[in-house]
């Protein structure tokens, strides 16, 4: 069982996925910092010194200046400013991933144009076979190279 797990874990896709998750986590921290520390303060300044992380309304009685004051008083709050920050964070991450995938697709398309196809069909039995095969494994016909 350990041997099977080792084979599974060492496959190229599994390692690539693990690397992608680690890099994605680090990238997410960078984007979150960009949104919270650079973009939203600038937007808040342009809108009259609004601090988006402190935009909220209470679901109970009382008048509180900050989210923390309301939480300390035990009053439930709807923190729509933090939600706006998270939406902007998500949009930046989604757009960045879109751009990266688009560029990778362009690169692989250009590289893939000159590659010999992996599969071809046997002209006798129409079975899909390896493009470098000289004999069909299904009908055993000898295949002449094109």
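Glycine is no exception: its Cβ is also placed from the backbone N, Cα and C atoms.
Here Swiss-Prot flags 15-35 (among others) as transmembrane segment, drawing on sequence analysis. With a threshold of 8 Å between CB atoms, the same-chain residues lying at least 6 positions outside the transmembrane segment (15-35) that come near it are 9, 85, 88-89, 92-93, 96.
Below 8 angstroms of C-beta separation, residues 27-28, 31-32, 34-36, 39-40, 51-56 of the same chain, each at least six residues beyond the ends of the transmembrane segment (81-101), sit close to that stretch. The annotation transmembrane segment is assigned in Swiss-Prot to 81-101 (among others) on the grounds of sequence analysis.
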